[in-house]
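Lifted from Swiss-Prot, the feature list:
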- 124-502: domain 'Protein kinase' (DOMAIN)
- LEU130, ALA131, SER132, ALA133, SER134, ILE135, ALA136, GLN137, VAL138, LYS153: ATP binding site (BINDING)
- ASP288: active site, proton acceptor (ACT_SITE)
- 499-519: transmembrane segment (TRANSMEM)
- 521-541: transmembrane segment (TRANSMEM)
Amino acid sequence: MTPSELRRLYSIVRVLLSYGLDELIPKMRLTFPLRVGRRLLFWLPNRHRNMPLGERLRLALQELGPVWIKFGQMMSTRRDLFPPAIADQLAMLQDKVEPFDGKLAREQIELAMEGIPLEEWFDDFDIKPLASASIAQVHTARLKSTGKEIVIKVIRPDILPVIKADMRLMKRLAGWLPRLLPDGRRLRPREVVMEYEKTLLDELNLLREAANAIQLRRNFENSPMLYVPEIYSDYCRESMLVMERIYGIPVSDVDALKANGTDMKLLAERGVQVFFTQVFRDSFFHADMHPGNIFISYDHPEDPQYIGIDCGIVGSLNKEDKRYLAENFIAFFNRDYRKVAELHVDSGWVPPDTNVADFEFAIRTVCEPIFEKPLAEISFGHVLLNLFNTARRFNMEVQPQLVLLQKTLLYIEGVGRQLYPQLDLWKTAKPFLESWLKQQVGLPAVFRALKEKAPFWAEKLPEIPELFYDGLRQHKMLKQSVDKLAYELRTQQARQGQSRYLLGIGATLLIGGTLLLISRVEADMVPTGLIAAGIVAWIIGWRRTR
């Protein structure tokens, strides 16, 4: 390790120990190197003994900086690895840091515009940031060409070296973890860190965020449910994003929403509808829908509309995943646990040799107590969590797209019940899921699929005779190759058989001739002839094996 990495490692260890996070590892599970290391750092005591462990972990990550804050946010979605007391605290991590100098932001913008002065593109640039986070910060301005109000999101100039340095250190720590902790290998730390690095580097590319926002805006064009601000692509760069400025009420400000006369029940139900529409209709969902990224339009409070921003993280499901997920939800709420177990096996989420009866019993044991609550109080997100945790015992592989989905679903549920505590999520979602499933099966679905594929087959139709002829010719050539290979194999086997026969004869002649030669006092041509014949047989047999 380099001196700078050692200094950073020491500062990380100092923060972790000052919050007593060595308690995360039970003493009986500590390996010898960790026990020795802890004793050598005796001057770093736990200074926050009165705080719960989850809160201490959250505060420590916040103190360590942006890379660790975002890592904690990502790990908050892995509720299959952490108990609720820790996962809930990780979900509260706030990605807020001190803003950097607005003059430096201006320099970054002009650098992204290849040296063109900012005034040539924008008017009324506000040097004071509107918002600031660990990766980027936002400034307001107007487009010079149209006068429209915009916001400019610019990447922090000093963030990339920090990320690279901390990621190198994380990778080293991930390599040590399997040797230091008994369960380190099961947690797959290398894969976790690699996944995190990819997510973080994706967030540094604002062109990716711009493309996501454009797609989401297209999906909900003219929709009364969701509005996505316009992206001005001509001005966007990898380190700079320019979008329409919006005005709305933060979704977490319930008092302001009520004061504006918002229909809270309809607003909560629309949040659920927006989510399921993104997942099942569009196969493209905003996967970072925490309250800081959601606003409500001031207009038409009786017909409220969501406004979504910050599309840096999105998720998608393929057609099979969507079908299995919808059928899983319906089977679960119908208490058809056999169906739930079979769906997990059929989808490939668990190994095909899984004992379905045992799996069904495990699901029933975990999920049946959930129905002691009224349906309106049952959480979709926790249903998924319970199913995934049970499936992990049956060697379910982690499905990244489903982890993102579960995290987003928990966000949506939390927001919906904050807006309208009596929200019946199942009552809102069931008609949507049943309608979607009906569209996927039966004759209408077959005709629709044929209609969708018709242009493709119409284009390929003239090529079919030629493709058929090529197929027959290739089949003939393949048959000839197989016949030739079979002939060569038979010939080789025959040669090997003859070779083994000659080698055996040669060995017999050599041994017999040698014994005769030893037993006879006088020289005799017979033993010599036998030995010579044996040598000749060996040579011929050896040549046939080549």
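Cβ coordinates come from backbone N, Cα and C, glycine included.
From a predicted model like this one, the values you see are computed outputs, not experimental measurements.
Overlay of Swiss-Prot feature records on the structure.
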residue: LEU130; record: ATP binding site; Cβ neighbours (10 Å): 14
residue: SER132; record: ATP binding site; Cβ neighbours (10 Å): 18
residue: SER134; record: ATP binding site; Cβ neighbours (10 Å): 20
residue: ALA136; record: ATP binding site; Cβ neighbours (10 Å): 25
residue: VAL138; record: ATP binding site; Cβ neighbours (10 Å): 21
residue: ASP288; record: active site, proton acceptor; Cβ neighbours (10 Å): 20
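Distance between Cα atoms for SER132 (ATP binding site) and the residue listed as 'active site, proton acceptor': 17 Å, as a whole number. Along the domain 'Protein kinase' (124-502), the predicted structure has mean pLDDT 83. ASP288 (active site, proton acceptor) is 16 Å away from SER134 (ATP binding site) when you measure Cα to Cα.
Of the recorded residues, VAL138 (ATP binding site) and ASP288 (active site, proton acceptor) place their C-alpha atoms 18 Å from one another. DSSP classifies LEU130 (ATP binding site) as coil under the three-state reduction. Apart from LEU130, ALA131, SER132, ALA133, SER134, ILE135, ALA136, GLN137, VAL138, LYS153, the residues listed for ATP, the same chain places the Cβ atoms of PRO99, PRO129, VAL154, ARG156 within 8 Å of the centroid of those Cβ atoms.
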